[in-house]
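Notes follow once the structure below has been shown.
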Amino acid sequence: GGSVPCIETCVWTGCFLVPGCSCKSDKKCYLN
């Protein structure tokens, strides 16, 4: 634990820094 794999925020584009993350409605990226 302790790590946050999806650290990006997103508006119109997807999430690129960590594979397997997607943009959610709160404009943050989460693991699928």
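Quick reminder: no glycine exception, Cβ is built from N, Cα and C everywhere.
Residue environment of Cys6 (disulfide bond) contains 19 other Cβ atoms, counted within 10 Å of its Cβ in all protein chains. Marked as disulfide bond by Swiss-Prot on the basis of sequence analysis: Cys6-Cys21 (among others).
Per Swiss-Prot, the feature disulfide bond maps to Cys10-Cys23 (among others). The 10 Å shell around the Cβ of Cys10 (disulfide bond) contains 17 further Cβ atoms across the protein chains shown. The secondary structure of Cys10 (disulfide bond), as reduced to three states from DSSP, is coil rather than helix or strand.
Residues annotated as disulfide bond in Swiss-Prot, with sequence analysis given as evidence: Cys15-Cys29 (among others). The 10 Å shell around the Cβ of Cys29 (disulfide bond) contains 23 further Cβ atoms across the protein chains shown.
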DSSP-derived structure type at Cys21 (disulfide bond), helix or strand or else coil: strand
Collapsed DSSP category at Cys15 (disulfide bond): coil
Pairwise Cα distance for Cys6 (disulfide bond)/Cys29 (disulfide bond) [Å, integer]: 5
List of residues, in chain order, with Cβ under 8 A from that of Cys21 (disulfide bond) and at least 6 apart: Pro5, Cys6, Glu8, Cys15, Cys29, Tyr30, Leu31, Asn32
